[in-house]
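So the structure is just underneath, and the comments pick up after that.
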């Protein structure tokens, strides 16, 4: 007979408010095989854990069940406590009577009955549990950083400075991300390029960093400590090893009128190009869609003028496999496109605002480019339609954000601050101009942020109008902005020369596809999910993968950098050990019964199942059986459900355990 | 003010087999968001829907479940890459078999609930509970199970009656 201890937690009042914990503990004590049961206010606290340790020793327990919160929250805590008391940690389980019971039910009677049931079937599970020893696997001390924006750069530099190898993969031809596009940054108004470009150069020159630009993640295999990542290097059409970055090809390219994405389509570039002059690496790439050579087979000027002979029209995509121990995902964000048609997505457009049809309605990032010294206007605020200096500029906040009816309910977090910054930049550059801001709420938490916003309003003379805009239309060369001032309670109509919309921050295109390759979870807006909102903000639920920056949710630069350094610290913690302990939830084959049909091999997503020949002493083949490599096994258990002879078993989730649970229902 | 709780004649027993990465986490989210749903469901955690053997579903029905829910990650989002695809294929075949045997398939629900879909979890559980409640208890398999336990060695009408009264 088992000797199991049941420990029922009150969780302050979180559980005991709806569940009669004393009754649950009492009923648990009556289950056959339960030697001890008790309830306590905070099981996870030090006295609570000591209670468990003491009970294990005093009552000679051979299993423990803690009925408290979700195992996702405290399973590790209690397994550690059980282990300290001399119990095998895998014989300590948790019954979830908080998230799955007390928090979701109101009726005390029903909730108590359910909690008792949860305890009952979990006790059965513990009874049939086996002592397991953690599996040790080697750690590859090399990190992969996906995304070369400020988040990726910060994480890469931190890890590389600690002496570990780093591989950085960036989709665009240059690293730098959105921060390289910004003009000046809040709340200090220092130039973004000035603080960003040195870091970009550091990445390129760092002996520990391997940089792949114009490359994407093709495939991710493996697990924490041992990932195999296939990187697709897209054909650049320029040999990076030969190119000196002299730029002659770009000056000679006859195709000069291609809108540059880096300038939000307002500057022009050639078909062979670097996105911006400070690009890292400073190696051009040929845009094959727009290159005459690729479209009609005639031209090849760049190849003729290239001294080192770096231009290679025959170049193909190449695949490289990198072995890494940890992955930091830092893919960043994109801005909500208001011209998007409603039928294309769940997110509705803003047709009434005329964006995309009226040229002088632009988004925040375009304004950044106009204000940037390296932008298409050389830092002068000029409107796109006729190049005149706008004298009245209307800024509209929360376009797309906080608009549930348009599809996005969250706050994009950075827009209040960057709009305040825009009004200042505008005021500094156009002294006789007037900025108006339509806003819902000015949200300025952060060090020095509210002071910054107050400065925009009080010293830089931006007129803040609390209310939303209903409609905009062109009248002559002006844009009529119709809105309301809800504080005064009047309709407002402003004739603007330029309108800047603070559009919502969204997850990067293809964020969901990347998540599927990595096996990490994402929310309905495609932002990646952290393992715990408060206590594990940079870890993914998938071990060995960490998050940094706006791919996890809208974030400003200071938050992004903090998170990136935090992710780097997590990677370094992982790399501090040579061996890593893994949960021993892996499949094992019972060779006696295995008939060698290898159905398990076909379904195994990890390729962990191999054939093993069993031979007698004379070396004659007796039979072929399946064999699971515990280092590679991910522990999904698909093999067990597939096995026709039930001769493969997943430790921790054996048929015996599950059947016992079902029987007790 | 709380609305007067409805008294039902029949409280169905719902057993949910869920994967730990998506649906279990989704149910956790429903908890942290303090959403409310019927207390009829008992959640059994698996690493992956791929681990769920159809036999478990049969056993749950035999052991008194009036409805069974199987839920995991959305196709393509599986933590183990492909476990849920295997599960989907397995259950498609199994469902047909169950229907052939004569089980009302309304009692067996498959769904995908991600870790971010606390609301969907509540919806799925509530819907299944109410549906099964209106269908009444699932008797067929329980009768079979009782039949299995009835040894029949001393087959007198009185014993039979006594056995039926306790089962």
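Each residue's number is its place along the chain shown, starting with 1.
Quick reminder: no glycine exception, Cβ is built from N, Cα and C everywhere.
Only residues 6 or more beyond the boundaries of the domain '4Fe-4S ferredoxin-type' (A:234-263), in the same chain, are considered here, and those with a CB under 8 A from a CB of the stretch are 173, 180-181, 214-216, 269-276, 281-288, 290-292, 299, 301-302, 305-313, 315-317, 369, 375-376. According to TrEMBL, the feature domain '4Fe-4S ferredoxin-type' maps to A:234-263 (among others).
Residue counts for the domain '4Fe-4S ferredoxin-type' (A:282-316) by DSSP state, with H, G and I taken as helix and E and B as strand, are 10 helix, 3 strand, 22 coil. The domain '4Fe-4S ferredoxin-type' feature in TrEMBL is assigned to A:282-316 (among others).
The residues of the domain '4Fe-4S ferredoxin-type' (A:585-614), classed with DSSP into helix (H, G, I), strand (E, B) and coil, number 5 helix, 9 strand, 16 coil. Annotated domain '4Fe-4S ferredoxin-type' per TrEMBL: A:585-614 (among others), in sequence order.
According to DSSP, the secondary structure content of the domain '4Fe-4S ferredoxin-type' (A:624-653) in residues is 5 helix, 8 strand, 17 coil. The domain '4Fe-4S ferredoxin-type' feature in TrEMBL is assigned to A:624-653 (among others).
For the domain '4Fe-4S ferredoxin-type' (A:234-263), residue counts in helix, strand and coil come to 8 helix, 4 strand, 18 coil, using DSSP. If you take every residue in the domain '4Fe-4S ferredoxin-type' (A:585-614) and average the pLDDT, you get 91.
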